[in-house]
Amino acid sequence: MMMLITMKSTVLLSVFTVLATWAGLLEAHPLGDTSDASKLSSDYSLPDLINARKVPNNWQTGEQASLEEGRIVLTSKQNSKGSLWLKQGFDLKDSFTMEWTFRSVGYSGQTDGGISFWFVQDSNVPRDKQLYNGPVNYDGLQLLVDNNGPLGPTLRGQLNDGQKPVDKTKIYDQSFASCLMGYQDSSVPSTIRVTYDLEDDNLLKVQVDNKVCFQTRKVRFPSGSYRIGVTAQNGAVNNNAESFEIFKMQFFNGVIEDSLIPNVNAMGQPKLITKYIDQQTGKEKLIEKTAFDADKDKITNYELYKKLDRVEGKILANDINALETKLNDVIKVQQELLSFMTTITKQLSSKPPANNEKGTSTDDAIAEDKENFKDFLSINQKLEKVLVEQEKYREATKRHGQDGPQVDEIARKLMIWLLPLIFIMLVMAYYTFRIRQEIIKTKLL
């Protein structure tokens, strides 16, 4: 009897054990599971480093990097470098999420060193190690964390297509996005999460401790094999011993729940304060802008001159063509006037004294003079016609809203030039006839 009870108890215990095991499995991996745990890829992630005795076989360390007390120390001493690369490439299809947990201890302040996280084409690694101990010529994404830029400690995103190497001296000007990030000499590690979703209109989002650093939909990674890694160097400034340490790295085949956290508390951005002083009242006004908005307000003298040239061109575009035609007409009339005046001067100076022996009558002489100088006498009529046409043109231009202060000014100057010429012509014509009359009287006498 006791044996039967013992056997029943053993069977029941086994049944309960199996049920409990299945319940645990179902809870951890339910049917059709879409949780973050099901998306975690152990082949592309770091295992628990606390219990690890050596660097996993699917990862490769370089330079001074080493596993120490549950973390991988990339830079363990002054002027040191370190790297950690995944040996196998990741075949990108549509989306992924990767998280790096790291910290920096041992130094705080400006330094020419930094730590870079890489997601680059497989063919670009590890050809060179000139950019923060990483490739200077790569095709993919680089996330740089350093404290050598103009805005202090920042996280910056860099993109390159592998066509030309990245210039380290211009890396801050070529960043497509960035955010402030206080990371130095902190006992609390920071987590950088990179999410890319091809199906969500090429969404690329970078988060720091669940806060959005930046995001964009203007970046698209082509399909292919990519290498994942991290490199660091602590630089030579002040011979610092800044230690960059990796605690955790997880890679997910898809977008996880934490990637969808709304940006309620945005990360801090640098602020620039500009003081404006009113010259008339002397009042001061402070305007606060982000560094990126302030850069948009800057304009060089060359750009200012180009803008002024465009404005001047638009002002003159409405009337310059018609005005040029009128000016050409005026110049033509002036040339004809000078030609006639030259002819008159020559005739008056070269004509011999007349006598009455030829039997020329006074009426015939006057008629002959009028015939010789009919072109000269018609100049006044032509000038009057030009002035009338110019006045009509000005009135028509005013009606069409095309006339401006410049046309009036030019017309006024032309009148100043033409009126003295007309007066001179009339005076010369008067004295010419007087001389002619005196000559006729002399003949009669």
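Just so it is clear, glycine is given a Cβ too, placed from its N, Cα and C backbone atoms.
Marked as disulfide bond by Swiss-Prot: Cys179-Cys213. The domain 'L-type lectin-like' feature in Swiss-Prot is assigned to 36-254; the stated evidence is sequence analysis. The feature region 'Mediates the interactions with COPI and COPII coat complexes' is assigned by Swiss-Prot to 430-433, with similarity to another entry given as support. Residues or ranges marked as motif 'Di-lysine motif' by Swiss-Prot: 441-445. Residues or ranges marked as signal peptide in Swiss-Prot (evidence: experimental evidence): 1-28. Residues or ranges marked as topological domain 'Lumenal' by Swiss-Prot on the basis of sequence analysis: 29-412. Summarising the annotation, Swiss-Prot assigns topological domain 'Cytoplasmic' to 434-445 and lists sequence analysis as the type of evidence. Sequence annotations record features per position, and here Swiss-Prot assigns transmembrane segment to 413-433 based on sequence analysis.
When pLDDT is averaged over the motif 'Di-lysine motif' (441-445), the result is 70. DSSP states for the region 'Mediates the interactions with COPI and COPII coat complexes' (430-433), grouped as helix (H, G, I), strand (E, B) and coil, give 4 helix, 0 strand, 0 coil.
DSSP classifies Cys179 (disulfide bond) as strand under the three-state reduction.
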